[in-house]
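These notes are about the structure you will find just below.
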Amino acid sequence: SNFKNLASHKFYNCCRLRLTLISAQATVYITGVLGATHVETEHHLEMGRKLLAAGQLAEALSHYHSAVEGDSKNYLTYYKRAAVFLAMGKSKSALPDLTRAIQLKPDFLAVSQHEPHNVGLARDLQRSPDQEEAQDQLMKANELEELQEEAHAAHHRGDYSTTITVLDRVIEISPWDPESRELRAECYIRLGDPQKAIQDLTPTTRLRNDNRAAFLKLSMLHYSLGEHHESLNHIRECLKLDQDDKECFSHYKQVKKLSKQLDAAEELIQEERYQEAIEKYESAMKTEPNVPFYTNLAKERICHCLVKIKRAHDAIDVCSEAHQRDPRNVNVLRDRAEAFILNQDYEKAVEDYQEAREFDSDSNEIREGLERAQKLLKISRKRDYYKILGVNRSASKQEIIKAYRKLAQQWHPDNFQSEAEKKEAEKKFIDIASAKEVLTDPEMRQKFDAGEDPLDPENQQGGGGQGGHGWPFHFNPFESGGNFHFKFHYN
């Protein structure tokens, strides 16, 4: 019996010891698990804070979700997640989290109004910064929900100006809310202000993990404004997110083709290959016939190229069309003025330069062009050597000599009988010879093209010269009584 009692006692003690060890192990295990969970929660809270500060809201929200799952009794996890929801403009999601945070920590917000004033004041003084912030967040959440409902109602009835005004306050409260920015961008587009729409859409590409729609819309907006390089950059970002996106890929092909044509055309102009540049711009207009900016640009640059290759009549036609499409374009007015000068229509050239100067009074190029056109107009009222020979301003030396020979034979004074006819012929013959002298001498021709008559006595240094219609080289074969006869050897 004693042996049995002793055995039983030992067995009891062994069992008790065994249970103690198991309990201890369980306690250590449970404590370890809880400790690890606490560490993980703190890690998620810290990562969420850093990502929120960096504006990476989606990533921050993911960490706060994990923090809530890891420690559902911690009021701070709910509060922090609510802060992200508010930053994203999701007031309806924020309110339950704020409510749960208050339930877990009733003294988190300000004391009830029913408490004595001195007690409330004492507790207010002891309130932590988190408590102050939480109260502010709760007020903002309520205001945000009301404002969002008001904005959507205004948008639904087509009152886009009011929608923008309300969304201004929404975005002030919640600057990282992509939905509000996208809605405001849509309103700006409806009101014809694409630049402000771009300003709103640009940050939304970073506020969503996969915002291909925003990249596509940004690309289209830049494209419509003629900013094809920016358009190409944004549509490439869309394809980085999904290279098989049909809408983005379709738009990418269009933008890439047009951008390549426009860049190539400008390179050709820089290389002075103007005819090839014209052809390239004509191709660009076929590639994009529906966006006015690109047609206007092509017409403007073709006008410029035609002036450079001295096709005056064609240049005037294209420049006039470009001017009609874009009346305030200074470059078009300048180039059409030069086309008018090539066509020896100096009055219209002066008019175009004057109009261009009204739009750009600071341009030295426009000022100098106007002065030159005015000089040419003044000279043309006296003597225009191109008109005398009947040649264009772009005529070659050979064309000038050919015209001179024909007119010199026609107006030689020996071809006329009466004294009156001879005097008239002599006057014309002198003008013809003067025109040939000026226009076949590169230096004198350059002066004349710049608006200066090199044979005008007013332009001669020292006041000398041979008179308004002087014979070149200071020799007039008709001064000796009109009976001087000679033969011409045309050079």
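The chain as shown is numbered from 1 upward.
Positions of Cβ are set from backbone N, Cα and C atoms, glycine also.
All TrEMBL annotations are machine predictions without curation.
The repeat 'TPR' annotation in TrEMBL covers 75-108 (among others).
Helix, strand and coil residue tallies for the repeat 'TPR' (212-245), in that order: 27 helix, 0 strand, 7 coil [DSSP]. The feature repeat 'TPR' is assigned by TrEMBL to 212-245 (among others).
Look at TrEMBL and you will find 255-284 tagged as coiled coil.
The average pLDDT for the repeat 'TPR' (330-363) in the predicted structure is 95. According to TrEMBL, the repeat 'TPR' annotation covers 330-363 (among others).
According to TrEMBL, the domain 'J' annotation covers 384-452.
Beyond its flanks by at least six residues, the compositional bias 'Basic and acidic residues' (441-450) meets 372, 375, 379, 385, 393 of its own chain at Cβ-Cβ distances under 8 Å. Summarising the annotation, TrEMBL assigns compositional bias 'Basic and acidic residues' to 441-450.
The region 'Disordered' annotation in TrEMBL covers 441-473.
Residues or ranges marked as compositional bias 'Gly residues' in TrEMBL: 461-470.
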With DSSP, how much of the compositional bias 'Basic and acidic residues' (441-450) is helix, how much strand and how much coil, in residues? 8 helix, 0 strand, 2 coil
